[in-house]
Structure formats: structure tokens, C-alpha cells
Amino acid sequence: MQPVLSIFDLGKTYKSGHKALSGVSLDIAKGEIFALLGPNGAGKTTLISIVCGIVMPSEGAVSVAGHDHLRDYRAARAMIGLVPQELHTDAFETVLATVSFSRGLFGKPRDPDFIERLLRDLSLWDKRDAKIMELSGGMKRRVMIAKALSHEPEILFLDEPTAGVDVELRRDMWTMVRSLRERGVTIILTTHYIEEAEEMADRVGVISKGRLILVEEKHALIKKLGRKTLTLNLAEPMEAVPAELGEWRLELAGEGHELVYEFDSQAEATGVPSLLRRMSDLGIGFKDLNTKQSSLEDIFVGLVHNSQAEPPA
Amino acid sequence: MISNYRGIQAIYQFEMARFGRTFWTSLILPVITTALYFVVFGSAIGSRMSDVSTVPYGAFIVPGLMMLTMFTESINNASFGIYMPKWTGTIYEMLSAPMSPLELLIAYVGAAASKSVIVGSIIFATAHLFVDVEVAHPLLMVAFMILMAVTFCLFGFIIGIWAQSFEQLQVIPMLVVYPLTFLGGAFYSLEMLPKAWQTVTLFNPVVYLISGFRWTFFGQGDVAIEVSMGAVALFLVLCLGVIFWMFRTGYRLKN
């Protein structure tokens with residue numbers, strides 16, 4: 001199937017000489033939720049800004065449903081809605097006016113019924129005549145989303161959608177993203193909240209220092225890179241890990257009450273059975289044990305850490 | 001180049017609504033300014049002035065007064081219109097919308113020029129309360145007014161894109177255009193100046209603009225109407241050229 005968004009070898013060097021992006025290639029399928037993860041300054045916003053036409057790329061190409069985003073920018077941009085990271089709003093405009101304005105800007109005919117539904121979905125209808133400057137930060141964020149959705153885009157970019165947002169709005173936002181997906185809208189979100197990517201995304205891309213260092217289906221990613229931790233609650237506390245258990249590189253935790261063993265769950269031999277056998281040979285008893293799958297966050301921190309340890313290309 | 005008419009309409013209405021919010025101040029300000037000028041220049045000083053080649057002094061200053069206000073209004077409105085979205089960050093929406101640069105230009109400059117023409121007309125109407133002004137070439141006068149409004153709004157648009165602070169936004173209208181207009185014969189004829197100063201003044205481009213507008217009123221100006229027309233066209237083409245270059249390079253709009 002033709003991807004709805006195709007990014008090829010995209011690079012951006014700012015006038016200051018700062019290389020924000022290099023060699024980024026990425027295909028997004030229609031209807032998928034893609035999470036772009038990365039630390040601050042990794043190039044997430046630059047990538048989105050290029051696709052949306054706010055920043056000029058230094059090299060590479062972007063195609064939106066087959067439309068080149070520079071040559072055929074009208075068709076490309078008409079399909080895209082953008083919720084930027086910052087709350088850029090016109091303070092003196094009313095909610096209804098600013099959302100209707102956005103729809104017009106994107107060349108769509110007036111549709112008061114649609115705008116009303118949109119504002120109701122985002123719990124903004126009661127505030128439709130309020131000036132934006134009178135709204136709270138969370139409400140402003142909702143207005144930004146309403147503006148981005150006002151022209152019924154097929155691709156929605158959410159740049160750090162839940163940064164500084166309360167629990168209720170975050171939950172609403174996730175509900176909204178899911179219902180948009182049911183309607184076939186493709187969603188690309190950037191975040192540095194891993195839980196968000198884990199909760200919502202089908203695929204995850206990790207960006208670090210302007211390079212896309214990994215793109216993977218979320219579950220495959222967790223499985224592939226997933227490390228597990230085995231924690232043993234000891235019957236008797238110990239002061240140090242016995243030398244006989246040295247090959248497992250165990251760590252002592254909980255003031256000597258716990259032995260922690262980290263292992264690769266995909267490996268042929270995890271080392272767990274042999275560890276337990278050796279412990280029973282040594283007469284080390286334990287009351288309880290549990291294993292924990294590492295989260296995306298652990299994976300992510302590991303990846304970014306590794307990529308930053310490499311010498312710059 | 002132009003196809004997103006709804007987009008143009010959206011920005012135009014947005015801008016006009018912005019002016020609408022300050023409707024009464026925008027309306028009353030030019031009326032008061034005009035009245036003040038007529039009290040000072042028209043009655044107090046004007047009564048002691050001789051006619052400027054058959055035109056009474058009070059009537060003589062009407063076109064200059066209109067131009068002076070329209071120049072500054074045009075530049076301020078147009079530069080503010082495009083500078084504000086840059087400053088608040090809402091420009092992201094214009095840049096990500098399916099709008100061509102030309103469409104953006106038409107919408108912003110169109111709105112600002114509309115306001116200038118309205119203000120110019122208010123001054124014209126107010127002037128009638130104080131003096132008798134007859135317009136020799138009404139059609140040309142209207143055309144000249146619109147052309148001046150558009151040209152100076154284009155100029156303001158350039159300043160708005162160029163400016164990176166409110167100070168920069170003010171510096172050109174206050175330090176360049178206002179003095180040049182004052183010295184460009186807004187309130188006097190070049191004939192009133194000593195010979196040497198007449199020559200110097202001819203280097204002031206605003207002289208040609210004001211002279212042309214005055215010609216549409218009284219059928220006479222400091223320079224020939226053809227020269228004035230040429231100057232207007234040159235200024236217009238210059239502004240369009242700079243804007244074309246700005247859009248092509250993304251100057252101060254896109255990184």
C-alpha cells in the first residue's frame with residue numbers, strides 16, 4: 001500500500017550551522033499512529049515543521065499521499081493538520097472565530113455544524129464566545145487541537161500534545177486520537193513521555209541528534225530489545241553477592257534482602273534456571289521472586305545513551 | 001497562483017475585525033488630527049498665507065494632509081498585520097496552510113489598504129467642514145489614493161517581515177517616512193523654498209507622490225503629473241520586487 005506520508009533522506013542545517021536533521025527516511029501508513037520519541041533538541045519539531053511547510057529542508061524530499069510537499073504544496077498541506085508544541089494563539093479572538101478562521105485558511109467552505117460538533121467533542125462549545133486570553137492553558141491546548149482539526153485533515157501532527165497538560169485533558173486527548181484513528185486519520189505525535197508512546201502508538205521511531213536511529217513496531221520493539229529483571233526476595237539478608245554467583249553479575253538491593261538479576265528474555269539461555277540451581281546448591285533460600293519486562297522508557301534511555309556515546313558522524 | 005479565495009477571505013476578515021475592535025479610535029483619531037491641522041495651519045497661520053498659485057492655502061494642504069496620514073497608516077497597519085503573527089507565533093498557521101505567498105500578500109495588504117482608504121476618505125470629508133475643496137480629476141484622485149495605499153502597505157508589509165522587534169517596526173515610519181513626507185511638500189509648495197533647497201528637495205521621493213496627488217485636486221503640482229506617475233510606478237515595482245525576493249528566499253519567515 002502506498003504510504004500516506006513518505007519522507008526521504010531529509011536533512012536540515014540551520015544558518016547558524018547547527019545540523020538539526022540528517023538522512024531521515026520514513027514511511028507512514030494510512031491510519032497508523034506513529035510516535036516519534038527523542039530527547040529535547042533531537043530534531044522532532046524540525047522534522048514536523050519541514051513536513052508542514054514551516055521550515056525549508058536543506059536536502060531530501062517529502063511526499064504527502066503522492067504530492068510533493070514543495071511543488072504540490074496546496075494538495076499536500078490541505079491534508080495536514082498541525083498542533084504545535086507552543087500555545088500560539090490570537091489573544092483577542094473568540095474560540096469560535098479562531099477555529100472558523102482556520103477552516104477558511106485551509107480553503108474549506110463554512111460548515112457551522114461541523115465546527116459545533118468539533119467544539120463539543122473538545123468540550124469547548126460552552127466557551128465558544130470567550131476570548132482566548134481568558135482561557136486556561138489546558139483550554140488553549142484544546143483550541144489548538146480544534147484549529148488543527150477544523151479543516152478535516154487526513155494526517156494530524158501532534159507536537160508534544162500532553163506536555164504540561166492535566167490528567168483529564170490527557171485522557172480526553174487519547175480518546176480523541178483513538179476516535180480519529182477509527183475514522184482513518186493518520187496520527188504522528190512526538191513526545192518524550194514514553195508511557196504515551198507505549199499507550200497509543202502502533203509504531204515508534206526514536207530520534208537522537210537529528211538521526212532516526214530506530215523505527216520499529218511497538219510490541220516488536222519491546223520484545224526485541226526487552227530486558228527482563230528477576231528479583232529474588234531472600235530468606236536471609238546477605239552483605240555481599242557470594243563469589244560463587246559471580247558469573248551472573250547480580251546486584252544486591254533492599255539492604256541485602258534482594259538479589260537482582262537482569263537478563264535478555266530473547267536469549268537462548270537466560271541463565272535463570274542455572275542461577276536458581278546454583279543458589280539451591282549453595283543453600284541460599286528465597287521467599288519470593290518476580291520478573292519484570294522493561295518498558296519502552298528503559299529501552300529508549302538505553303538507545304539514546306548508546307547513540308550519544310558514539311563519536312559524531 | 002491564486003486559488004484559495006476562502007483563505008484570502010479568512011485573513012482579510014480577520015484583519016478587518018482587528019481594525020474593527022479599535023473602530024472608534026481609528027475613526028476619531030484622523031478626524032481630530034485633521035481638525036487640529038486646520039485650526040493651526042488653516043485658520044491661525046493659513047489666514048496670513050497668500051494663495052499658492054490661485055489655490056487658497058487651506059485647500060492647498062488637504063491632499064498633503066491626506067497623504068501624510070495615509071502613508072503612516074498604511075505602513076503601520078500593514079507592518080503590524082504581518083509582524084503580530086510573527087511575534088505571537090500564530091504565523092505557523094499561515095505557513096502551514098495551503099496558501100501561496102501571493103494570496104497571503106493580497107489578504108494582508110488588501111486589508112491594510114482598505115483601512116487606509118477609509119481613513120483617507122474620512123480626512124477628505126472632515127476637511128470639507130473647514131474649507132472648500134474642489135477636485136479637478138475625481139476619478140484620478142480616487143485611483144491615486146488607492147494606488148498610494150497599496151504601495152505604502154506593500155512597503156509596510158516589507159517592514160513587518162524585516163522587523164525583529166517593535167522598535168524596528170516603528171523606526172522607518174517615524175524616522176524616515178514621516179520627515180520625508182513633512183519635507184516633501186505636504187504643507188507647502190516647492191516654489192516657497194529658496195532655489196538651492198528646491199534642488200535638494202527634488203531628491204526626496206515623497207515630493208513626487210504628494211505632487212501627483214495634489215495635481216488630481218488642482219490640476220497643478222510641483223512636478224509634471226507624468227513624472228509623478230512614473231515615481232509611483234517605480235516605488236510600486238520596487239516594493240513588489242523586494243517582496244518577491246523575500247517570498248522566494250523565505251526571508252525571515254521560514255528558516
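From the backbone N, Cα and C atoms, a Cβ is placed for every residue, glycine too.
Taken from TrEMBL, the feature domain 'ABC transmembrane type-2' covers B:21-250. Residues annotated as transmembrane segment in TrEMBL: B:23-45, B:57-84, B:104-127, B:139-163, B:169-188, B:200-217, B:223-247.
If you look at the transmembrane segment (B:200-217) against the transmembrane segment (B:57-84), you find at least three C-beta pairs under 8 angstroms, all six or more positions apart, and that counts as contact.
The stretches the transmembrane segment (B:104-127) and the transmembrane segment (B:169-188) do not meet in space: the count of Cβ pairs below 8 angstroms, excluding pairs fewer than 6 apart in sequence, stays at fewer than three. Here the transmembrane segment (B:139-163) lies next to the transmembrane segment (B:223-247) in space: the count of CB pairs under 8 Å, restricted to residues six or more apart, reaches at least 3.
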